[in-house]
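Down below is the structure, laid out as structure tokens.
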Amino acid sequence: MALANSIFTSLHDIQTTRFSQLASSAIIIFDHLITLDGEVELIWKSSWSMGKVFFVINRYYTLLSVIVNNYALFSPTLTDAVSLRFFHWQGWTGLIACMIAEVILQMRLYALYFLNKKVLALMVATFIISSASSAAIMATVLRGITATAHPLPGTTFCVPIGVPSYFFAFWLPIILFESLLCGLALFRGIQTFRASGSVFQSGKHLVAILIRDSALYFLMMFATYFTNMLVWASASTNFLEIPIAFSVAFSCCLGNRMIFNVREIHREMKESRRTEDSINHQARQTRSSSFSPAEPLSTIEMGQLRAD
């Protein structure tokens, strides 16, 4: 009876992991489809920049991970060696996806702080420390684990063996760094609010978008990373693959949305200025009088253009 219960529980865990992978994959693919028009208009029709490079990496590296992960979790022809390589791939993919999204967020904050070199140095230094710490934990764990592709007779599924109890610490540096970025965004938002009465009524739409996206991104990703840490700390090793798939999906989608939102605001500002210039030009021709030129880009707008 005990053996039957153990087999039933294992099969249930396998199905839960597979369905979770499908769900996270559906999130990524659905987001790709509904934002495809924005990608064409806002990304591919623009010139190459750091923002565009990170967008392409974030979008298509994650899409590649969807293909690899689903193959590994549903293929009936896996071997133990392939399973072990899959865990290495999935572990590093989770870290890389987090790092890419964090770089995108740092670019936004750098613009938000008017290209302040001290803020940039703080973010880059803590980012390197955070990423190196998580990478060291991941490398240590992956060196010590083994894997089996046949945990049950007649069943093919990747199962890790020998995962240490401290593996949950992988998420701690990431959570701490995300907290720093959130604090920087909120601090800048408070500064702007005090200076202009309300960041959302001051006419600085770009600042509002940057602060909003930074805060929402942090809230979503903090909840995701914290959940990952709790699962890795307290749940069975059978569930290790469930939360990391969602962390990759959310960091990919939210990182892309931050880039979309800022570029959409840029396009609206450019169209508004072109319209204003056209109206002023027509008025000068009609009335033969001189009007002041269109308002130049503000410091924050220039900073964001450089970041993109």
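Cβ atoms here come from the backbone N, Cα and C positions, even for glycine.
Note: TrEMBL annotation is automatic and uncurated.
From a predicted model like this one, the values you see are computed outputs, not experimental measurements.
As written in TrEMBL, here are the features:
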DOMAIN    20-64  domain 'DUF6533'
TRANSMEM  53-74  transmembrane segment
TRANSMEM  86-107  transmembrane segment
TRANSMEM  119-145  transmembrane segment
TRANSMEM  165-187  transmembrane segment
TRANSMEM  214-233  transmembrane segment
TRANSMEM  239-260  transmembrane segment
REGION    271-296  region 'Disordered'
COMPBIAS  280-292  compositional bias 'Polar residues'
Contact set, same chain, for the transmembrane segment (165-187): CB under 8 Å, 6 or more residues outside the stretch: 95, 98, 102, 105-106, 109, 112-113, 119, 122-123, 126-127, 129-131, 133-134, 137-138, 141, 210-211, 214-215, 218, 221-222, 225-226, 228-230, 232-233, 240
Stretch of maximal Cβ-Cβ contact with the transmembrane segment (119-145) [cut-off: under 8 Å; candidates 86-107, 214-233, 239-260]: 86-107
Stretch-averaged pLDDT - the domain 'DUF6533' (20-64): 92
Counts of helix, strand and coil residues, the domain 'DUF6533' (20-64), according to DSSP: 39 helix, 0 strand, 6 coil
